[in-house]
Structures are given as C-alpha cells and as structure tokens.
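Below you'll find the structure, written out as structure tokens, and then a few comments.
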C-alpha cells in the first residue's frame, strides 16, 4: 500500500497544476454556428473566455458567475453583435467595459444585481439598438448612463424599482427610440413635468408600456399634445374609480394604438361598467384594444360610444352577455373579437368594415348572416360554428371578399359554389366538417383563388371535377381526407399553376399514372402517412419543377419494376423515412439505389429495415447484404440448365430420328407392306418410273415399292410420311445416287434417316444404286455417303443389254433376301417433295 507521504507527494503537484488551468478550458462552449455563434451558458465561468475566435458575432454567457466587468472585458470579440449576460451575478460594470464592441446591436443584462454602474459603462456601443436591463435593481432612469446611445431603438427596464416616470433630459438624444418598457415597476403617479422632454423633442414612433405599475393618479394635461405610437396600460388600476380618473388624465393624447385591460388570472378590478371608458372621448385614437376583462358586459354598444371613429377595434377575452347590433354608426375598418364569450352570434352591419377577425370565441354556435359590403378579410376560425348553407355573397353581405377562414368549426354544408365571391384568393376550411363536397363543382367560380385548405374536413373524393375552376390555385392542402377505393384519380387537370400539394394522411394505396401530368409548376408534394407499399416513380415524370417529395410514414418495401428513372432532375429532397423496407436479396437493386442517392434523401440515416426479422431496425446505409447462394446449389442449377439445354438441342436436331425410334417401338413386330422404300431425286423420276418400277413391280417375282407420288397420305407432313409410310412399312431402302441426289437437301435428309433406320432395325437394309458416275469432289461433300460407297457393295446402272441383265438380276437377289414369297409384292417412294411440288 502507498504510504501517506508518497500519496501526498503525488496529489499536491496535481492539484497545483489543476488550479492553474482556467475553468473555461475544461468546459468548451457549444459552437452553434462555426466561428459565428457560441453558447457558453452555465459553464461556471468566472471571467470572459478568450479561447473563442475573433469572428464571433453571437455570444451567450448567461448563468455564469462573472460578477465583475472591467474595462475592455470583450476586446477579443470586435465583431460581436449580440451579447447575452443574463443572470451572471454582475454587481459592478466599470468604465469602458464594452469599449471595443462598436458592432454590438443587442445587449442583455437581465437578472443582474447591479450595484455600481460607472458613467462610462456603456461607452463604445455606437451601434447598440436593443438594451435589456430587466431586474437589475434600477431605481431611476435619471442615473442610467445611456444618453449617448443615439442608435438605441428598444429600452427594456421592466421589473425594476423605478418610482418616477420622469423621463430624463437625455431622452432628447434618443431620437431613434421606438419602444420603452417600464412595466412592473413602482410608478404610481404621472405629472406634467415628467413628460416635458416629449414636448420638446417628440418621439412619434415611441411605444410605451406602463403595465403592472400600481398607478393611482395621472395629472390632467400630462399627455396633452403628446403623440405616441402605442400606449399599454394593463393591470394598473385597483378600482373602477382610479381607472376612470387616470383615463381622464390622458386627455389630449394622440396615440395610434391604445391597449387597456388586465392579464389572465391577474385581475385587480372588482367591477367594470361603461363609465370607465368615458374619458376616451378626449383622446385621439387610431386603434383600440381591450383585453382580459372577466366581467359580464351588458350594454357593450354604449360602452364604446367614444370609440366610434377608431379604425381598428379589438376585444380579447371579454365576456359579453348581450350584444345589440353593431350598426352602421361605427366607422371601424378592422374589428377583432378573440376568445370572447357571447350569448349569441352578433349581428354585424358595418358598411366601412374591411377586416373581421372573429376567432376562438364561445357561445352563439349558429352563424347568422352579416351585412358587411366593404369586407375583404374574414376570419371565423375556431368558433365551433355551423353553416346550414355555404357559401355565397348573401352569407357575408359582400362581393369584395378576398380572404375567408372557416377552419376549426362545426358542420358546413356546401350548398353554393361561391356565387358573388369570385374575388376570393385565400380559402381555409381545415378541421371543419364539410358536407356535399363531392356532389358538384363547389369551386367552379373561384378562378382567382390562390390558396385552398380542406385538410381533415371528412371529405371523401368521389367526383373527378371537385377542383374544376381553380385555374389560378397555387397551394392546395387536403391532408386527412379519403378517396374512393383509396385510389387517386385525375382530379388536378385544371390546376396548372399549383406549386404546393399536400395529400398526406389520405389512406391512399394507388394513384393514376397520369394523376400529376398537368402539374408542371409543382414544387412541393407531400404523400406522407399513406398506405403505399412500393415507390412508383412513373406518375412524377412530368413534374419538371418538383423540388421536394415526401413519402415518409408509408409502408414502402421497394420500388416498382420500372426502377427510379422517372424522378425529375429538379428533385432536391426526397423523404422516405419510417417505411417498411424489405432488406432482402430480391430488393437489392433498390437498396443499392438508396445508398447511391444519399445526397438526395432526407434523413437517410433514419431509414431502417423492417424485414426480415434478423435485420429489423438496422439502418439501410449500414446494410451489407450478401446475395450469394450456396456453391452446391449454384453448381446443381448450372448443371441442370446445361443438361436441359443439351437435351433440348439434341431433341431439336434429332427430332425425326426420335420419331423413327418411336415408330420402330410401335410397329416393330408388324408386317412390312412394301419390299423397298425408294429414295431418289425428282430429277431422276423418269428413270425410276420407266426402269425401276416397271422391271420390279411387273417382273417375276413382283416387288412392291413405296413411292412418294403414289403412296404418301395427303394432308400429312412430308417428314411424317417419310418415316411412317416409308421406313416403318418397308423391308429395304433403295437409294438412287446421282449428282442431283447429292445436291438435294431432302434426299440427304432421307438418307440420314435411313441410316438411323438401318441401325435400329439391325439389318443391312440399304441398297445403293449409282445411276450415273458422280464426281469425287462432289461426293466428298457428303462424308458419310462417300465412306459407305467406298466400303460397301453397290449397284451401278449400265445402259447396255448385258449390263441391264446383270443389274436386274443382282437387284432382285438383294430384294429377295429375307423375303417370304408373296405375289402381292412391296412398294417405295421418292425424296424431293418440295422440288417435285414446286415443279
């Protein structure tokens, strides 16, 4: 065991070394964008890391115990644009702490308990546009040294200890300031002197947020002749009287957008009535919003008498018990009613209204007709509304409508094809229940429509003309619907300008080969979440602009036989993830294609095998499938193929020989009808008729010869007659050899069959007659015949008295060999049937 002294001698130097190593070198920052963006959050840094590149532009150092920022703390990052120092326990910021950051546009100091802030703490920030100093113990704007930040657009000092709303004189230098957030401070009163700087140097684009300050007094005239872009006062008043008094104190203010109300679950008011907003009559307001008043408002129309001339009116999360007609007295151009509670759907008659947003409301589920002649934008989504008939000009009281959103509602019965609404460009029905969609061309009149969403609308497409008329459509979303027999027909023939098509979750199993032929402009096609079992590329051959094709979450095992040559060259992204790939030898070419196209495929590393079971879950890219059969199986297979091939060749070559063999077996024991079958050339037929037949059949004893012109059966193949009538029914074969014989294919064929016949019958049955001398060069062309004539006895015809006598005596003797006397004799035939027939 190591002694204590030796152990101490080892540990002390190691600890000394570790104490010299900077913590920032132990835990490196996360490189989000190389050389640009680094996240160093919660790495226990006590100082600014210096091991990051000078080119860093975005740096997150939040939740590190930096505590102190000295001069030039960030000199190593001259290109820095965004710096997050949230909750770094910073207590002291010295002069010139950010001196080298001339490009910094955003500085976040949220949650730092700053106690010492030098006058030059923010010097050098010549490009700063956004400063967030939330929860920094800031007690006053007067001592906040930012007067030189002339580029500043947004100042957020919410959740601090500021008690006075007095804007310091240096605000006159902040000419670009657009947003000042003073919410959640301690401001209770606003006096005329607090806003003197805004009288001297008006900030016309300034948005001021004073929410969550416990205000109880605004001096009348404090905001007189002051112009603001936006003023937000939410959760500021603890009673109705205080609210009324403070709103009256805003008299003379000219504001583009005024937001009043409370926050969800943070209400201070016990009651609310129309008197609270009477002071608004003394303000000039362009847009008004009232949010989160959890009270039952009864006479809402009288409540907003002072707001009849605003251009935009908005109610968010307000409960309205009873609504009179929104009549023509209101000059609103935009009306927004969001997440409100109504007793019934309000009756709207507003001649100047151009935009109506009525979403996520409760109560009044039945839509009633409205009269809005100038309406161009209508959002009725997420209300659970039901429409007994939709859609036409009479439903909305306008012919100017361009945008219509009826998504996330109840049952909508399509009873009209948008008559009077021909100007529509955007139409959304998603997640509503559409009825009668496939009974007629619903969209026939919408030739200006650009966007259509009928996703998840319980639509079953059974009518090919469902999209007729949509000649300008560019985006079509119809996910989550169904098709008759799960087959996609040719329903897009008129959508020649379509660029985006979503057919996901439609239970599709097959599609027409010409379904997309007219979509030459299509760029994105989503076919995911369907039931395709193979990747059929043929339907996409005409999509010359296609860039993205999503086939994920299907049941694709392989591609169809036409391979994958039909994918357009423009395709950049193909998603085949989460399919049922069959990783077997049968589909090896498809699996290899996946590997070859990894640059085209999206998340190719997520493509996994589904079958066989031993490869389930294995990435297709890492698959090394071996498609080699057992050598024995290969050998047997090759040998079998060779044997079959040889047998087939032999059968083809010796077909007639086999026929002869079969005949021998069949007629082997039968009687011979003919004494001889005569093989001769048709050119020698005169000699056969006048000499051979006359002398043998009319002589003593008579012999019966088989001759083709006389004894062959009509209608039977020549070869069959030769074999069955000639060889099988004859004792002998007479071969009449001449120059014509040697040059005849049929004669040579008969001669070869005769040799086989002689071999099978086991007797010397061939008698050769050389009718005329044949040139040896010609005879040698038939090797076997030449050999037989050289080795065997044959008869030679001589046209003389003695020669004739000897010839016929020898021939009769040869024919009598093996013949029992029969006065009826035997017969024979000739060879060149084709030659004879053609003559």
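Cβ coordinates are placed from backbone N, Cα and C, and glycine is handled just like the others.
The transmembrane segment annotation in Swiss-Prot falls on one of the ranges 611-631, 632-652, 653-673, 674-694, namely 632-652. There are 16 other Cβ atoms within 10 Å of the Cβ belonging to residue 205 (N-linked glycosylation site).
Between residue 391 (disulfide bond) and residue 309 (N-linked glycosylation site), the C-alpha separation comes to 31 Å. Residue 526 (N-linked glycosylation site) and residue 306 (disulfide bond) are 51 Å apart (CA-CA, integer value). Note on the glycosylation sites 173, 282, 309, 624: the fewest other CB atoms within 10 A surround the CB of 624.
Here the repeat 'LRR 2' (79-100) has long-range neighbours at 54-73, 106-125, meaning same-chain residues at least 6 beyond its ends whose C-beta is under 8 angstroms from one of its own. Look at the disulfide-bonded residues 29, 585 and count other Cβ atoms within 10 Å of each Cβ; 585 has the fewest. Remark: secondary structure over the repeat 'LRR 3' (103-124) totals 0 helix, 5 strand, 17 coil, with classes taken from DSSP.
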